[in-house]
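This report concerns only the one structure given below.
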Amino acid sequence: MKFLSVLSLAITLAAAAPVEVETGVALETRQSSTRNELETGSSSACPKVIYIFARASTEPGNMGISAGPIVADALERIYGANNVWVQGVGGPYLADLASNFLPDGTSSAAINEARRLFTLANTKCPNAAIVSGGYSQGTAVMAGSISGLSTTIKNQIKGVVLFGYTKNLQNLGRIPNFETSKTEVYCDIADAVCYGTLFILPAHFLYQTDAAVAAPRFLQARIG
């Protein structure tokens, strides 16, 4: 049964992928599917904002080509590219389909990698405003990692945006052990993953507008 569920998810994602890739912002964001400014940046040149993002299953790079780069582009327009470091969760986070079916909605390796990046942001740039986001499986990566961070790092995180939150029902629309006012969940009314399933319907690919408008506004309000 699990194999059939994974197969069904894979077929659905494969069929829907061209719709996502060819949306209006796709050509603009193709070249930014991998971002590593937190990893490569110097502590002597810390930015105002550090944005950490976990992509959806099967998306390329460490940022993907949908919600992650869209939010990043908006933040760079608001604060200036030199004042924002963008960092995707990569490496041990494979963004594979099978990890969606694990108890945490992703792998422990992925959660630990995101936690490492949050810790790096804190140690390298303790005065920067950290914001983060995730899409689909990436939301589980964010929820799992942030819930286990120290109070100091949680306080440094100003806002989190989650698109198509796969643990929305299970976590009651929030990130466990994290201030609800700092989290904004974007779940389309027809997106089945927001209701405790892993059925991928067309609505799961409709978060581009939220990523371009509502999410950056929320993060800007949190950052100040």
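Cβ atoms here come from the backbone N, Cα and C positions, even for glycine.
According to Swiss-Prot, the feature active site, nucleophile maps to Ser136. DSSP assigns Ser136 (active site, nucleophile) to coil, not to a helix or a strand. For Ser136 (active site, nucleophile), the same-chain residues 6+ apart in sequence whose C-beta sits under 8 angstroms from its C-beta are Ala56, Ser57, Phe163, Gly164, Thr166, Val193, His204.
Of all Cβ atoms in the protein chains displayed, 25 besides its own lie within 10 Å of the Cβ of Asp191 (active site). The DSSP secondary structure for Asp191 (active site) is coil. Per Swiss-Prot, the feature active site maps to Asp191; the stated evidence is a curator's inference.
In the three-state DSSP assignment, the secondary structure recorded for His204 (active site, proton donor/acceptor) is helix. The active site, proton donor/acceptor feature in Swiss-Prot is assigned to His204; the stated evidence is a curator's inference.
What Swiss-Prot lists as disulfide bond is Cys46-Cys125 (among others). Using a 10 Å Cβ-Cβ cutoff, Cys125 (disulfide bond) registers 22 neighbours.
Per Swiss-Prot, disulfide bond is recorded for Cys187-Cys194 (among others), and the stated evidence type is experimental evidence. Other C-beta atoms found within 10 angstroms of the C-beta of Cys187 (disulfide bond) number 22, with every protein chain shown included.
The signal peptide feature in Swiss-Prot is assigned to 1-16; the stated evidence is sequence analysis.
Taken from Swiss-Prot, the feature site 'Transition state stabilizer' covers Ser57 (among others).
Within the same chain, residues at least six positions away from Gln137 (site 'Transition state stabilizer') with a Cβ under 8 Å of its Cβ are Ala54, Ala56, Ser57, Ala95, Ser99, Asn100, Gly105, Thr106, Thr166. Marked as site 'Transition state stabilizer' by Swiss-Prot: Gln137 (among others).
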Q) Roughly how many Å separate the Cα of Cys46 (disulfide bond) from that of Cys187 (disulfide bond), to the nearest whole number? A) 33
**Q.** Length of the line joining the Cα atoms of Asp191 (active site) and Cys125 (disulfide bond), in Å
**A.** 37
**Q.** Cys187 (disulfide bond) and Cys125 (disulfide bond), distance between Cα atoms, whole Å
**A.** 32
**Q.** Distant-in-sequence Cβ neighbours of Cys194 (disulfide bond), under 8 Å, six or more positions away
**A.** Gly164, Tyr165, Thr166, Asn168, Leu169, Cys187, Asp188
Q) Taking Cys46, Ser57, His204 as the recorded positions to compare, which has the smallest set of other Cβ atoms within 10 Å? A) Cys46
